[in-house]
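**Q** Found this in TrEMBL, in case it helps:
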BINDING   19, 20, 21, 38, 61, 62, 63, 64, 124, 161  substrate binding site
BINDING   38, 124, 161  (2R)-3-phosphoglycerate binding site
BINDING   211, 299, 330, 356, 357, 358, 359  ATP binding site
Ligand SMILES: Nc1ncnc2c1ncn2[C@@H]1O[C@H](COP(=O)(O)OP(=O)(O)O)[C@@H](O)[C@H]1O
Ligand SMILES: O=C(OP(=O)(O)O)[C@H](O)COP(=O)(O)O
């Protein structure tokens, strides 16, 4: 695998694929980045290239727009934040269209001098980025590759996605892995090789269908799998409980039944949940047993008894990996489960990794010091798939 130290970038255009998919608060007049961890984590690679006289073109996705422009998901505020962190202006190439690598991008990139940096608009505004059709992806990858002479893959959080900017562009340009990818791999190798036992994995969050699939491969490797967040309701449904209007992957109930049979006592589910009458910070709420969720109500956090039980299991673990908040921590009434789990992990003195854009944001916005964890990873799904032992397309594309 080549690193950026192997590329002669001075005076050349380098396209960097970062993961700048940050959480945004859109309740005010202008969108506000609530946690800039992924932008900060992307700086070392970009700064190193700029210091060597490269002309850097930063690219990323943000959220999940549907292959067309959607102002809500513009990277413009992220370009501004990156500029602050780099201490130099970032020329933003967005023009409100889905033509991410078109005329406007060529103009902005063409005007870069050595040591200057530009950012393209959200890659997912173009249907070619995520298309399953290789021909459609190839056309977009051709346009992106035409902007640069080198490619650097640094989007660790997206290396599990076989998307144009992650796998097709490096096929077209001399390429290397960025600093963030190398740092993340160092830590994950340690976790996946010989984790010291007991090894506990905590799963939550909302990307349920993505992550349920990983459990089967992970199960034989762990001593305890604690399931909270939006993930737990498909398991509760598999036990025959009603889950009201909570997040549910109905077509995965049978998979969850199989996993429960296979995992036995290693799979730990919440015994109580915080339910709300609507998805809002000022909703009516109550704590109920996990088998007593009422019709029309939705589970938005694990309950206090579950939080204590999870904390106890985590207290006995020597290695911990955590991905996915235990509840909708962005709203105060549903943050206690996530806080409890974060504090329990931080109180331990084993090897602990928390991964994922929102999980890392939760840890920081709840005020848990970074020092409570051995590593805070920028990748949730990416880390999980790595730990599962899967071949990650974005790493394979870089020769890892
Ligand atoms: N019970 C729940 N119902 C709906 N959303 C939830 C629930 N628990 C957690 N979430 C949401 O999950 C999101 C994070 O999920 P995910 O993207 O899978 O995590 P990460 O980014 O850490 O990998 C958060 O925005 C949080 O509000
Ligand atoms: O936020 C991300 O993943 P994560 O929530 O698993 O950490 C990455 O930016 C990938 O985004 P995606 O899951 O929309 O492809």
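Quick reminder: no glycine exception, Cβ is built from N, Cα and C everywhere.
Keep in mind that what you see is a predicted model, and the values were worked out from it rather than measured.
Describe the structural surroundings of these features, if you would.
**A** In sequence order, 130, 393, 394 make up the list of same-chain residues 6 or more apart from residue 161 ((2R)-3-phosphoglycerate binding site) whose Cβ falls under 8 Å from its Cβ.
The Cβ neighbour count for residue 124 (substrate binding site), using a 10 Å radius over every protein chain in view, is 26.
Under 8 Å, Cβ to Cβ, and six or more positions away along its own chain, residue 211 (ATP binding site) finds 203, 205, 231, 323, 324, 380, 381, 384.
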**Q** So, three-state DSSP: helix, strand or coil for residue 299 (ATP binding site)?
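**A** Its secondary structure by DSSP: strand.
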**Q** To the nearest whole angstrom, state the Cα distance for the pair residue 358 (ATP binding site) and residue 61 (substrate binding site).
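**A** On Cα coordinates alone, these residues lie 15 Å apart.
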**Q** What whole-number distance in angstrom separates the two most remote CA atoms of the ATP-binding residues 211, 299, 330, 356, 357, 358, 359?
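**A** Spelled out: the longest distance between any two Cα atoms in 211, 299, 330, 356, 357, 358, 359 is 22 Å.
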**Q** Please state how far apart, in Å and to a whole number, the two most distant Cα atoms are among 38, 124, 161, the recorded (2R)-3-phosphoglycerate-binding residues.
**A** 18
**Q** What is the set of residues, excluding 38, 124, 161, whose C-beta falls within 8 angstroms of the centroid of the C-beta atoms at the (2R)-3-phosphoglycerate site?
**A** 19, 20, 21, 60, 61, 62, 123, 155, 157, 158, 163
**Q** Which binding-site residues from the set 19, 21, 61 come near ligand 1, judged by a Cβ under 6 Å from any of its atoms?
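**A** The ones that qualify number zero, so the answer is none.
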**Q** With an 8 Å cut-off on Cβ distance to the 19, 20, 21, 38, 61, 62, 63, 64, 124, 161 Cβ center, who else from the chain surrounds the substrate site?
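**A** Along the chain, the qualifying residues are 60, 122, 123, 157, 158.
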